[in-house]
Amino acid sequence: MQFKNILVVCIGNICRSPMAEYLLKQNYPQLTIHSAGISGMIGYSADEKAQLCMERIGIDMSPHIAKKLNAELLKQADLILVMSQNQQKHIEQTWPFAKGKTFRLGHWQGKNIPDPYQHDQAFFDETSLLIQTCVADWTKHI
């Protein structure tokens, strides 16, 4: 299936989902890619530690502004990528129409992506590497 509109979701939309969003945008500039948070920290920039992770690989996340997940974003998406099984379950229960197009970013590895929020830079670095690997795993499916 060819996806045209991808939505990446985490909790606050300041750490994991923006990193995945910007990696996907770099790999697929022809697609529409957004991110949002279940409990979005609306109006916040990406976490400085997440921005540093992306800067190290040549990606500027400074334009990112966090937003809260809503039904309209979910309806527009052909593919919804979440960070954990709990997030997938929450979305599918709250918005049943999202079932069948909501998957974990770590689906192909059977992994959840741990939340680095309020952890040290080393934890962010590990999370960033896992996100990069998981984004690469989606390549043959997007």
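Using the three backbone atoms N, Cα and C, a Cβ is placed for every residue, glycine included.
Because the structure is a prediction, the values reported are computed rather than measured.
Among the features that Swiss-Prot reports, active site, nucleophile is placed at CYS10, with the record citing similarity to another entry. In the three-state DSSP scheme, CYS10 (active site, nucleophile) falls into the strand class. Applying an 8 A CB threshold to same-chain residues 6+ apart, the list for CYS10 (active site, nucleophile) reads ARG16, SER17, SER35, GLY37, ILE38, VAL82, MET83, GLN87, ILE113, ASP115.
Mapped onto three states, the DSSP output places ARG16 (active site) in helix. Per Swiss-Prot, active site is recorded for ARG16.
Of all Cβ atoms in the protein chains displayed, 16 besides its own lie within 10 Å of the Cβ of ASP115 (active site, proton donor). When secondary structure is read from DSSP and collapsed to three states, ASP115 (active site, proton donor) falls in the coil class. Here Swiss-Prot flags ASP115 as active site, proton donor.
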